[in-house]
Amino acid sequence: MKFYKYCASGNDFVITNADRKEDRSALAKELCNRYEGIGADGFIVILPHEKYDFEWEFYNNDGSRAAMCGNGSRAAAHFAHHINKINPNMSFLTGAGVIKAKVNQDKVEVSLGKIKSVQNTFEELGKTWQLCNTGVPHLVHFCQNLDEFDTMLCQKMRQKYNANVNFVKILDENHLKVRTYERGVEDETLACGTGMGACFYLAFLNKKVQNKVKITPKSGEEVGFAYKNEELFFEGKVKYCFEANYNFS
């Protein structure tokens, strides 16, 4: 199987083309294994579609399916344009709906669409939380010190609410820093696009930031978010790493 390795804002992905849908959960788990496979946060399968430029199947590191992945969507768009020669202005189908993307060399902007849902704040484990769905569910906690991030606490919240868990610090009205515990990876990752989007949207909703901000995830690779016309936009660099053939075990 020919595959392509991509990185976006600290998340890494294995991407391949296929001509039909099928359950690739076991394959995803094998490929994403960092010791016995290629190693990645997620596995993306690009499929043909009659109406849109393409459709994807997205698998988490543990082989589970996910409706959406922000950084994965940017990597998929970069791949579709640079490898599959699709128009730089494209739309593709995900489990969370249609994603629009614009590719400009190594920069990719995607529209994550309208926010699916926001719930009221609540207190648990000594912290204030709010749940926001940006294609997948995210718990968000605003803090003064990101060293408060606790993997064990995040694990408890993730298991109880079946959601990703984010800690966010507001540096000023134009800049946030975020750390994320990702469902499906079951650990902190270097970045999470939909998680950063949830943090930005809740900060904007609570009038703590402007409608356009920079966000720095754990990777240190700064990305941009904007909210306009009731849609969430996400832009940053994407890196093509390498391509190779994989022999199945």
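Cβ from N, Cα, C; glycine included.
As the structure is a computational prediction, the values presented were derived from the model and not from experiment.
In Swiss-Prot, the substrate site is described by Asn11, Asn60, Gly70, Asn71, Glu182, Arg183, Gly193, Thr194, and among Asn33, Asn89, Asn164 the residue recorded at this site is Asn164. The most densely surrounded of the binding-site residues Asn11, Asn164, Thr194 is Thr194 (count of other Cβ atoms within 10 A of its Cβ). Ranking the active-site residues Cys69, Cys192 by C-beta neighbours within 10 Å puts Cys192 at the top.
Around the Cβ of Gly70 (substrate binding site), 29 further Cβ atoms fall within 10 Å across all displayed protein chains. Largest CA to CA distance in the substrate binding set (Asn11, Asn60, Gly70, Asn71, Asn164, Glu182, Arg183, Gly193, Thr194): 15 Å, whole number.
Thr194 (substrate binding site) sits 6 Å from Cys69 (active site, proton donor), counting Cα to Cα.
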